[in-house]
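Following: one structure in C-alpha cells, then a few remarks.
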Amino acid sequence: MESLYRIPFTVLECPNLKLKKPSWLHMPSAMTVYAMVVVSYFLITGGIIYDVIVEPPSVGSMTDEHGHQRPVAFLAYRVNGQYIMEGLASSFLFTMGGLGFIILDRSNAPNIPKLNRFLLLFIGFVCVLLSFFMARVFMRMKLPGYLMG
C-alpha cells in the first residue's frame with residue numbers, strides 16, 4: 001500500500017514549509033467541546049437542515065367541526081415532514097434523554113457523596129424515562145393508530 005502512495009510523490013515535490021500555530025489559537029476546554037457537541041446534536045436532531053431547505057411554517061392549523069382554525073404543532077400522518085416547533089420539541093426530548101445517560105454515567109464517579117449520587121441517579125433516570133415516554137406520545141400524535149398494541 002505504501003508503494004501505491006509513493007507513486008504521486010515521484011513526480012511531485014513537497015514544499016519545505018515551516019508552519020507555526022497562530023498565537024491566538026488555543027485548545028478549547030473539554031466543556032466547550034462538549035457544549036458544541038450537544039448544541040450540534042440538538043440542531044441536527046431537530047431537523048435544522050430540513051427547516052432551512054424546505055422552510056416549513058413554525059406551526060400549522062386545522063379546521064375544527066365548527067369551522068374555526070385551530071393551531072397544531074404536529075404534522076399528522078406525514079413521517080417525512082414536520083413543523084418547526086415539532087422538530088424543536090422532539091430535539092429537546094432527544095437531547096434530554098442523552099443528557100440523562102450522561103448524568104447516569106457521571107453518578108458512578110468514586111468521590112461523589114451518597115446523597116449526591118442518589119440525586120444524580122434519580123435525575124438521570126427521570127430524564128431518560130421522560131424522554132422515552134414523551135417520544136412515544138409524540139409518535140402517537142404524529143401517526144395516530146401507530147403503537148396501539
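Heads up, the Cβ atoms here are built off N, Cα and C, so glycines get one too.
These figures come from a predicted structure and were not determined experimentally.
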- prompt: Same side of the membrane or not: does Swiss-Prot put Leu4 with Arg117?
  reply: yes
Query: Can you tell me how the residues of the topological domain 'Cytoplasmic' (105-117) break down into helix, strand and coil by DSSP?
result: 6 helix, 0 strand, 7 coil
Query: In terms of Cβ proximity under 8 Å, which residues at least six beyond the ends of the topological domain 'Extracellular' (54-83) contact it?
result: 47, 89-90, 138, 141-144
- line: Per the Cβ under 8 Å criterion, with at least 6 residues separating them from its ends, the topological domain 'Cytoplasmic' (105-117) contacts 124
